[in-house]
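In what follows, a structure is listed as structure tokens, so that the remarks can point back to it.
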Amino acid sequence: MARFIFITGGVVSSLGKGLASAALGALLQARGFSVRLRKLDPYLNVDPGTMSPFEHGEVFVTDDGAETDLDLGHYERFTGVAARKTDSVSSGRIYSNVLEKERRGDYLGKTIQVIPHVTNEIKDFISIGEDEVDFMLCEIGGTVGDIEGLPFFEAIRQFSQDKPRGQCIFMHLTLLPYIKASGELKTKPTQHSVKELRSIGLAPDILVCRSEGPIPQKEREKLALFCNVRPDSVIAAQDLSTIYDAPLAYHREGLDQAVLDAFQISPAPKPDLTKWEDVSDRVHNPEGEVKIAIVGKYVQLEDAYKSIAEALTHGGMANRVKVRIEWVDAEIFEKEDPAPHLEGFHAILVPGGFGERGTEGKIKAAQYAREHQVPYLGICLGMQMAVIEAARNVAGIAGAGSEEFDHEAGKKRFEPVVYHLKEWVQGNYKVSRKVDDDKGGTMRLGAYDAVLKEGSRVAEVYGGTAIEERHRHRYEVDIKYREQLEKAGLCFSGMSPDGRLPEIVEWTDHPWFIGVQYHPELKSKPFDPHPLFADFVRAAKESSRLV
């Protein structure tokens, strides 16, 4: 039976609850315990799949096809435990489930209310798989005091009462602002946040306090006194130069020991932090630097490409180099020559996206990389734009483009080298889609197999010809153009097992030019870098010696 750790936040959002949860999960693993992490989001969207990247940041996709919060990416990267659909839920999903049950008559004519029906649905979600692990860490999105979060806070209060004493603890993450004028850390916002938490029936066992620097002992004792926690359960979460120092930093602060003490687990197994010490060493002691341009549509919010940035960092670790990322707005290249902007970069990455805006700029970035022999990695839309560039400028397919852009414009303008994917095989089933289907949850989502061409670069990179990668797309390169494109030198080096869907393309006469329809960044980890990113950074390292 799992022990439950509920992580809440106060004062302000974006303090790092997800990272704190992931780091704690990693520390518990280092002591030999099994963990699973969950995210409960109070927003009313059913999932983040239809939310703007500017609004929400990256959508993290699981193997089983769930579109989830980017925090699940942190959970996977730090613990290596693959997230599932049952590890992410929103108010929208909870209310949808309750209303579906009401329509079916599951409640036998009762008046449906937040308490007990909504809270029971939340508790049922939290309980899924509780017999599988030693610790279940559940992060509640938002901050204490948000009206949207009240059903979740009430649900975890009830949940802790339903369980035997000592099976649930609460960890509260707050901000200790530093006032330069007085030279002081202020504890009052944290005190008020805990007061708000206690007013709804929740008392924190552990306080994690985000601050710019160390927390003096006097402030720790003050927080312990007024927030009713043990002094050694007041944990400093100082600003760090890299998120990969978080497990070691939290261990030095005693977070994992405070959790074990709260559960009265004694004697506690000693942690083995060897792999995190190695990760930290690789981050802080690089033997060189490479510059990589990410040419994207949502570069104003870097969280929109969170997993890509982290995967590049992992690739840097594998090659003992620091990866310096520079964000380039693809729209700039629709009006300007890309050469002055891209000269000096050791590699170019074009990530995914939706809609026509910025795509001509991405096509120009792919053209620049091809013509100037710069290592190029195109992901999802980045692969599609590389294929369109090849079709237009090498294969002689005039007017090559994507059906996505025609659908957006409401008229046919392009030769559809990229088309709307209407059916595909998922396991033993055929999935069908129409252009006018709902947007939510209708893409080709989750893990799919691919078969690589023997002797291709990607087969060499992966060390084999059978792979499984995660997807999130509704448009696909049309295989009917394959022969014409391959005659021009663009190799279709990865296909779906039935041979109908192109998964990978590469230029055979280029030092390193690969486009993939899937999202390899979603499976990369600091202690297990994805082979594509590791080899891409290796190619950038080679390129840096030539520039």
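Placed from the backbone N, Cα and C atoms, the Cβ positions cover glycine too.
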(message) Please identify which of LYS123, LYS218, LYS222 is recorded by Swiss-Prot as part of the UTP site containing SER13, LYS186, THR187, LYS188, PRO189, THR190, GLN191.
(response) LYS222
(message) Given the recorded positions LEU15, THR190, GLN191, GLU521, find the one whose Cα is closest in space to the Cα of GLU404 (L-glutamine binding site).
(response) GLU521
(message) I need the CA-to-CA distance for LYS17 (ATP binding site) versus PRO189 (UTP binding site), whole Å please.
(response) 17
(message) Can you tell me how many other Cβ atoms are located within 10 Å of the Cβ belonging to HIS519 (active site)?
(response) 23
(message) A 10 Å Cβ contact count, applied to the binding-site residues PRO189, GLY382: which residue has the minimum?
(response) PRO189
(message) Of GLU139, THR187, GLY353, which is closest to ILE147 (CTP binding site) if I measure between C-alpha atoms? They're all binding-site residues.
(response) GLU139
